[in-house]
Amino acid sequence: MTSFWALTRAQWFGFWRDKQNWFWLLAFPLMFLVLFGFLFRDAGASKSSLTQIGSVAIIDQLPAEAKAQFDNLFEVTKTDDAAAALEEVRKGDVDGAVEQKGNEVILHYSQADQVKAATVRGTLGAFVDGANVAMSGQPPTFTLKAEAAEDDSLKPIQFIAPGLLGWAVAMGATFNAAMPFVTWRTNKLLRRLRLAPMRTESLVSSRLLVSIAVAMIQMGVFLAVGVGLFDLKLTGSWWMAIPLLLCATIAFMAIGLIAGAISKTAEAASGIANVIILPMAFLSGSFIPLDQAPSWLQTIAKFLPLGQLNEGLLDSLVRGEGPGAALMPMVYLLGFAVVFGLIAARLFRWED
Amino acid sequence: MTNVIETRGLVKRYGDLTAVDHVDITVPQGTFFGLLGPNGAGKTTTLEMIEGIREPDEGDVRLFGEKVWPRNRAVLPRIGVQLQASAFFERLSVEEQLRCFADLYAVDHKQIDRMIEMVGLQEKRKTRTEDLSGGQKQRLSIACSLIHDPEVVFLDEPTAALDPQARRNLWDVLRAINDEGRTVVLTTHYMDEAEILCDQIAIIDRGQILTTDTPRNLITGLGSAYRILVSEGVLSDQEAAALPGVDSASLSDGTLAITTHTPSPVLAALAERDALQGLQVTGATLEDVFLTLTGREYRA
């Protein structure tokens with residue numbers, strides 16, 4: 001055990017004192033978190049903008065309850081200048097302009113943005129229909145009540161933070177395993193250690209402990225910044241992220257060990273690790289949510305360790321799932337770690 | 001005396017090249033043993049097979065009578081191996097490096113101070129290894145290899161790339177290690193180093209041991225002549241040639257050079273003539289032995 005702690009201590013200081021490590025594994029992913037956090041801050045509550053030309057009775061005379069609902073959906077500016085309002089619509093500054101001539105409500109929209117136009121048409125149409133029904137004096141036979149499946153608090157940050165945390169931890173564990181072993185093979189430290197009466201397992205497990213500590217620090221800082229700065233709301237069994245990240249660290253360490261074993265220089269190891277982690281981060285939804293991605297991409301993500309990690313993190317941190325939701329990803333990650341760990345053990349070399 | 005190291009018929013091949021060709025080495029306890037040879041002679045490969053970090057293709061290595069390959073954790077605490085002066089953990093101070101190695105061998109932390117003092121790095125104990133000079137790194141790597149008080153110490157070209165002060169400084173350290181009763185095995189291609197430090201020298205070339213003996217025996221065994229140099233004017237070259245025991249005498253550039261196999265009577269005769277002023281005697285050196293054995297042709 002003394003060997004294990006001696007190696008852990010030495011490696012921890014070596015890691016801790018290198019400011020580059022902290023930049024790449026903490027500051028760099030945090031930059032993305034802050035960037036995305038600000039970019040998508042209000043994306044969830046986006047309203048359609050509407051210019052009202054003159055008086056539009058159907059809007060102006062809405063009952064209080066319906067008016068409140070209307071204001072939730074539309075950002076209305078009033079004007080009397082019809083020509084200017086239409087020009088704004090053409091330029092895309094507003095999503096639509098509405099005027100009323102007698103019983104005819106006219107909506108001007110731009111064909112340049114079909115999606116927005118459809119949204120405005122549909123929503124406004126619903127209000128016109130509602131007004132017609134109300135005018136008939138008959139109670140409506142059918143009502144539609146739409147509710148979002150997620151908690152009301154599901155803002156973009158809720159998706160952004162877990163994905164970026166998954167990427168940061170995957171990157172940390174991979175580089176943390178790949179780089180030192182290449183460096184130590186080159187500078188003969190591995191040979192020196194081999195000549196000391198320690199077990200090989202002490203060397204690998206002490207590196208793992210350092211990587212786990214780094215992953216926990218990453219998680220702590222990420223969640224603190226998310227909650228403190230961007231109103232991230234942790235739900236249900238968020239603490240299941242801890243064992244989940246632990247399993248992920250082992251899995252990505254195995255990848256890192258392989259990258260380190262097949263590289264001759266630290267630069268090559270870093271390149272290989274990047275080539276593995278960066279595309280995987282995209283395919284696993286670390287940067288872009290996979291909910292709207294094509295189904296083949298979602299299938300690929302299911303087979304990637306980072307995809308599993310992100311899914312588990314989303315379930316535990318923000319989707320309010322119970323502790324069981326993280327179990328399948330954990331089992332997958334451990335299985336991945338066993339297979340790739342065995343490959344890494346086969347490829348491991350003490351010297352070049 | 002017991003033999004600490006015994007190898008028999010050690011062979012290592014790299015493709016067509018036989019790097020080590022049936023090497024037999026026996027090193028008694030407490031010996032300062034030098035493995036001397038030109039670059040590429042097979043010194044390092046031989047040493048690595050003895051240390052147990054390279055597998056021999058043929059032959060047998062015994063350290064304290066035990067096998068060293070595959071990795072024998074019973075032997076490891078008894079040997080100290082000094083490696084390249086870069087084999088350190090990143091961003092650790094001198095003290096921290098030594099502490100890590102002390103813990104790896106489960107030895108008392110008092111050893112850290114002893115080692116720092118022994119290699120003279122007291123001023124640098126809080127300095128990170130990246131900021132040490134080449135000589136200081138070399139001394140630290142020796143300290144790391146001695147921290148667990150090993151019975152045998154292996155040093156592979158420890159003074160390569162050191163300046164003259166640092167070299168002599170390191171020689172003192174190495175001599176002190178040997179004086180404590182440890183067996184020291186050193187590879188070098190510096191003749192002066194081997195001549196000054198070693199009790200036993202094995203000259204190796206093209207993977208084969210050419211000869212093994214004490215430095216003194218190797219040099220006298222060469223049977224080469226001494227050269228005595230005296231200033232011009234004390235006696236003529238004809239007079240010098242007539243002295244007892246002189247093989248030849250010649251005058252050049254204001255210096256009279258006398259060649260002899262029996263320097264004592266010649267020196268006595270010169271003393272009688274009061275000709276000792278500015279006198280120099282040069283005998284054969286290990287370099288002569290080396291060149292006689294390995295040949296003088298240039299090798300890249």
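Cβ coordinates come from backbone N, Cα and C, glycine included.
TrEMBL: automatically predicted annotations, no manual curation.
Taken from TrEMBL, the feature domain 'ABC transmembrane type-2' applies to A:121-351.
Sequence-distant contacts of the transmembrane segment (A:21-40), counting only residues of its own chain at least 6 positions beyond either end whose CB sits under 8 Å from a CB of the stretch, comprise 15, 155-157, 160-161, 164-165, 167-168, 171-172, 175, 214, 217-218, 221-222, 225-226, 229-230, 287. Residues annotated as transmembrane segment in TrEMBL: A:21-40 (among others).
Marked as transmembrane segment by TrEMBL: A:164-184 (among others).
According to TrEMBL, the feature transmembrane segment maps to A:208-230 (among others). Non-local neighbours of the transmembrane segment (A:208-230) in the same chain are 8, 11-12, 15, 25-26, 29-30, 33-34, 37, 41, 157, 161, 164-165, 168-169, 172-173, 176-177, 238, 241-242, 245-246, 248-250, 253, 317; each lies 6+ residues outside the stretch with a CB under 8 Å from one of its CB atoms.
As annotated by TrEMBL, transmembrane segment applies to A:236-259 (among others).
Residues or ranges marked as transmembrane segment in TrEMBL: A:271-290 (among others).
The transmembrane segment feature in TrEMBL is assigned to A:326-348 (among others).
Listed as Cβ neighbours of the transmembrane segment (A:164-184) (distance under 8 Å, sequence separation of 6 or more from its ends, same chain) are residues 11, 14-15, 24-26, 29, 32-33, 36, 190, 193, 207, 210-211, 214-215, 218-219, 222-223, 241, 245, 248-257, 259-261, 263-266, 268-270, 272-273, 276-277, 280-281, 284, 286-287, 305-306, 309-310, 313.
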